[in-house]
Amino acid sequence: MSFIMKPHRHFQRTLILLATFCMVSIIISAYYLYSGYKQESEVSGRASEVDCGDLQHIPSRLMEVRRTMISDASRTDPTVLVFVESQYSSLGQDIIMMLESIRFHYHTEIAPGKGDLPALTDNVKGKYVLIIYENILKYINMDSWNRSLLDKYCIEYGVGIIGFHKTSEKNLQSFQFRGFPFSISGNLAVKDCCINPHSPLLRVTKSSKLDRGSLPGTDWTVFQINHSTYQPVIFAKVKTPENLSPPISKHAFYATIIHDLGLHDGIQRVLFGNNLNFWLHKLIFIDAISFLSGKRLTLSLDRYILVDIDDIFVGKEGTRMNTNDVKALLDTQNLLRTQITNFTFNLGFSGKFYHTGTEEEDEGDDCLLGSVDEFWWFPHMWSHMQPHLFHNESSLIEQMILNKKFALEHGIPTDMGYAVSPHHSGVYPVHVQLYEAWKKVWNIKITSTEEYPHLKPARYRRGFIHKNIMVLPRQTCGLFTHTIFYKEYPGGPRELDKSIHGGELFFTVVLNPISIFMTHLSNYGNDRLGLYTFVNLANFVQTWTNLRLQTLPPAQLAHKYFELFPDQKDPLWQNPCDDKRHRDIWSKEKTCDRLPKFLVIGPQKTGTTALCLFLIMHPSILSNSPSPKSFEEVQFFNRNNYHRGIDWYMDFFPVPSNVTTDFLFEKSANYFHSEDAPKRAASLVPKAKIITILIDPSDRAYSWYQHQRSHEDPAALKFSFYEVISAGPNAPWELRTLQKRCLVPGWYANHIERWLVYFPPFQLLIIDGQHLRTTPATVMDEVQKFLGVSPHYNYSEALTFDSHKGFWCQLLEEGKTKCLGKSKGRKYPPMDSDSRAFLSSYYRDHNVELSKLLHRLGQPLPSWLRQELQKVR
């Protein structure tokens, strides 16, 4: 019995030991599992509630975390889709302003509360490289169908999302984001921000010291995170945490921007807890665009800065530089060279005013000239006169020769090739005499202005090249001739400091790869605000950004500018009378009244010459004088004539006797299919009416071929019409050129759509060419009504049909007629059937598109188009 009991006790003891071992194992496993979970939570917790001093010691795991796919350049267009609350919402406008400033392409849509998203793809290519929501709640609360479509697009094309949280009520808020593993607390005031040095977003932005002080606004949102996919970017302390549930600490730092690494659902996002009023948010916004677009939308870190000091030797007594000021200028130049590679002040002089100050200021003049080799120099005008006030070139040349003589006498270099006009007069709007005189006296190749295309908004300033002189955009820095004393700065000294420390001046440098700053002699005397401004600006840029500041001489700077922006080489002329500042620096001898009120744009061989003849019969309608070089047509907007400038263009038009009732116009039939003409015309004459004539494109093509034969075009004489229109891609160059001139103008819908990009439909009249040929009086009544010209002219009594010519002519006194010249209305064989069939097929799709366009515009279909569409059926 005892023998049987012993094994039984052994067995019990073994079971107890096994059970105990299992329990201990479970407890240990649970402990470590819990510890692991807790550690993971602590990483996220530290990410949302940290001591800024400990940021350097955030676990390196945050840097090594796996990230989702970034946009593939070949699969998406480099365009940003921006969902705004409304067309006029403040934050939406700020977002657009930033995108425009850094010259990124964007498309805006009103964020849909309900309804469909805009098309996100074009065939298999994504239309957008990045999506921005002014209000991220519009994305969060989107209906499931559209949300799934958008998320699928983002995942498939590697597209990220930037969103801003906007608090909707004034009371404190705290809630969980639907479908996301984090919560927010809103409507808070915050202070003392710092940057996470480990954030992969940082590119322009440099993680720096703690920025103490209150941040603008009391509507901040902070993020509380409980998932490792979120990484904080900027932290701040909360100033007003009372009455929040759950409560948050006053002493801890909370994330105001978070980066969703995409581990949760495969989409990377950057979420902002406030708008762009805070300067660090703007910097991170730029970096977020760069990172989420896979650096397709990114800024170089190189910044080129040139500081011009205008008006050297100019100024009233008491506003000029003395010897100590000049020494301070030299010392500061050396100091700035430690932060801005090759930094050199660029001095613009007007020699007439040398030694016109106090005794101390005259000594300052001499000290400047004694240090002439330490600076770069450029000429102003001798007497600081505005060039547009000189109406002849010889007077300008005399002034420039005096200034050059002064320079040679005092050892000032004269070979920099750069000049600036007082008040930017004559640079834009262009005063041709200035450009010619500059080249003859100084061999000027570079200048700058703040006026092209307009002074404001500054983000639209651009460069251009005219008369082989490169014109660069110039920037203001808040210093003008009257800003001499720090305490008397307009709006108070804090306004200047605010501009330097994350304000307008700071972002001028951040957003522009090249900045030429305008300052004045008076800014370097007295309180030396010029030195104060640029020393503090360089310090701030170096502290908070990774930008590489450097200076280049003007010639190198200009070449660098047009390497970066080759599309800006061609100018885009505008009406000087539409901008008061432009009127003030434009010659009083010139008038905008000589610009046309309407344009006849073609296309060729549709009856534009006949229309022109009929138009000038009207007593209130005046045409341009004929051009001797381009078959009477001016051809300004579509050819190199455009680079001659608007003075050249306006010289073709008479001065109207009555600006209100007289209508100037020009007819250039090549405008119709020109790539450049619509944009150029809209810029110079945006209110001009546009008239085009359409005939069957097959007939137009054949007429052009016969026209070229009559002018002995070798290709037209050598090849039949069918050979021309059916030529393949490997045909001889001259044959392909003739083919293009025959066929391309007949793509009517394409060309009209291009004009409609720049002109509203009510400014466009489309004439049926067949009606013009058969019932011109009726058509001319329609034209008069469209133009709004008076008095009404009775074309029924003024036109008569000439059976010999085969078209309508002007009826003169005593029964005589005035018809078009011999080159018009030629008789030639009818088109062969093969060519007719080929062209009918070739233009089929184009004609269908034209019918859709005319239907959209509410215009009737021409009779020839109705006939062609019947063939489609």
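The backbone N, Cα and C atoms fix where each Cβ goes, glycine too.
Per Swiss-Prot, topological domain 'Cytoplasmic' is recorded for 1-13.
For 14-34, the entry in Swiss-Prot reads transmembrane segment.
Feature annotation from Swiss-Prot assigns topological domain 'Lumenal' to 35-873.
What Swiss-Prot lists as region 'Heparan sulfate N-deacetylase 3' is 36-589.
Residues or ranges marked as N-linked glycosylation site in Swiss-Prot: N146 (among others). For the recorded site, N146 (N-linked glycosylation site), the DSSP three-state label reads helix. Under 8 Å, Cβ to Cβ, and six or more positions away along its own chain, N146 (N-linked glycosylation site) finds P112, D116, L117.
Residue density at N226 (N-linked glycosylation site): 15 other Cβ atoms are found within 10 A of its Cβ, drawing on all protein chains shown. Under the DSSP three-state reduction, N226 (N-linked glycosylation site) is assigned to coil, being neither helix nor strand. Residues annotated as N-linked glycosylation site in Swiss-Prot, with sequence analysis given as evidence: N226 (among others).
In the three-state DSSP scheme, N342 (N-linked glycosylation site) falls into the coil class. The N-linked glycosylation site annotation in Swiss-Prot covers N342 (among others) and is backed by sequence analysis.
According to Swiss-Prot, the N-linked glycosylation site annotation covers N392 (among others), on the basis of sequence analysis. Cβ neighbours of N392 (N-linked glycosylation site) (same chain, under 8 Å, six or more residues apart in sequence): Q433. Following the DSSP three-state reduction, the secondary structure of N392 (N-linked glycosylation site) is coil.
Sequence annotations record features per position, and here Swiss-Prot assigns region 'Heparan sulfate N-sulfotransferase 3' to 590-873.
In the three-state DSSP scheme, K605 (active site, for sulfotransferase activity) is classed as coil. All protein chains considered, the CB of K605 (active site, for sulfotransferase activity) has 22 other CB atoms within 10 Å. For K605, the entry in Swiss-Prot reads active site, for sulfotransferase activity, with the evidence type similarity to another entry.
Taken residue by residue with DSSP, N658 (N-linked glycosylation site) is part of neither helix nor strand, so it is coil. Just so you know, the Cβ of N658 (N-linked glycosylation site) picks up 8 other Cβ atoms within 10 Å once every protein chain is counted. Look at Swiss-Prot and you will find N658 (among others) tagged as N-linked glycosylation site, backed by sequence analysis.
A C-beta separation below 8 Å, combined with a sequence spacing of at least six in one chain, links N794 (N-linked glycosylation site) to none of the other residues. Marked as N-linked glycosylation site by Swiss-Prot: N794 (among others).
Secondary structure from DSSP puts C809 (disulfide bond) in a beta strand. Taken from Swiss-Prot, the feature disulfide bond covers C809-C819, and the record attributes it to similarity to another entry.
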* At the level of the C-alpha atoms, what whole-angstrom distance separates N342 (N-linked glycosylation site) and C819 (disulfide bond)? -> 70
* Asked: If you measure from the Cα of N226 (N-linked glycosylation site), which of the recorded positions K605, N658, C809, C819 is the nearest?
  -> K605
* Going by DSSP, is N794 (N-linked glycosylation site) part of a helix, a strand, or coil? -> coil
* So what's the average pLDDT for the region 'Heparan sulfate N-deacetylase 3' (36-589)? -> 91
* DSSP state at C819 (disulfide bond), helix/strand/coil -> coil
* **Those residues of the chain, 6+ apart, with a Cβ under 8 Å from that of C819 (disulfide bond)** => D802, K805, F807, C809, Q810
* By a simple count of other Cβ atoms within 10 Å, which of N342, C809, the recorded positions in the record, is least packed? -> N342
* Asked: How many Å separate the Cα atoms of N658 (N-linked glycosylation site) and K605 (active site, for sulfotransferase activity)?
  -> 33
